[in-house]
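Worksheet: the structure to be examined is printed underneath.
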Amino acid sequence: MRITLLDNFDSFTYNLVEQFCLLGAEVRVMRNDTPLPTIQAALLADGCELLVLSPGPGRPEDAGCMLELLAWARGRLPVLGVCLGHQALALAAGGAVGEARKPLHGKSTSLRFDQRHPLFDGIADLRVARYHSLVVSRLPEGFDCLADADGEIMAMADPRNRQLGLQFHPESILTTHGQRLLENALLWCGALAVRERLRA
């Protein structure tokens, strides 16, 4: 699988890259201050099969070209957003992002999750790493909530457009079954005929 990862200037970015490489993916990293046409041209040229939005500081609307890229990518190729990327997915699709009830930085918490969803295949118990003060406060139309912690959305998916958001950090050692989660995410996101959609 060919992945393009949009780097939102986060220290966890290359942890994600390493995990994807261990799963056999080819990963190219592009920063969010890269001009949008440059990223679009690269995605079209190399047959990218998944766009990944990294974690990062601040708010999604301040993260370079990320929201514009999402508007272009929607319906064209699958997207996986992690932490800030998860929030950007929601905002770009018409959802809302607000303050978390309690900021969490470097904390491991348990999740309540939908065990029927392929993201959680083979996972019975799950504790995840959380580094955030913002959450998705309103789910966008077309998205399903897959997991929550104390009523706050921790994972969501748009099955029609193959967009998946994780508020937590699967690449962190504080997350149990992190590599399995990423493998399941790749399998779920990779089910589209991506190249045909990119040409549309």
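Heads up, the Cβ atoms here are built off N, Cα and C, so glycines get one too.
Among the candidates GLN19, GLN87, GLN167, the residue that Swiss-Prot names alongside GLY56, PRO57, GLY58, SER133, LEU134 for the L-glutamine site is GLN87. Within 10 Å of the C-beta of PRO57 (L-glutamine binding site) we count 12 further C-beta atoms, all protein chains included. Summary: among the binding-site residues (GLN87, SER133), the fewest other C-beta atoms within 10 A of the C-beta are counted at SER133. The record gives GLY56, PRO57, GLY58, GLN87, SER133, LEU134 for L-glutamine. Within 8 Å of the mean position of their Cβ atoms, the other Cβ atoms in that chain belong to ARG59, PRO60, ALA63, CYS83, LEU84, HIS132.
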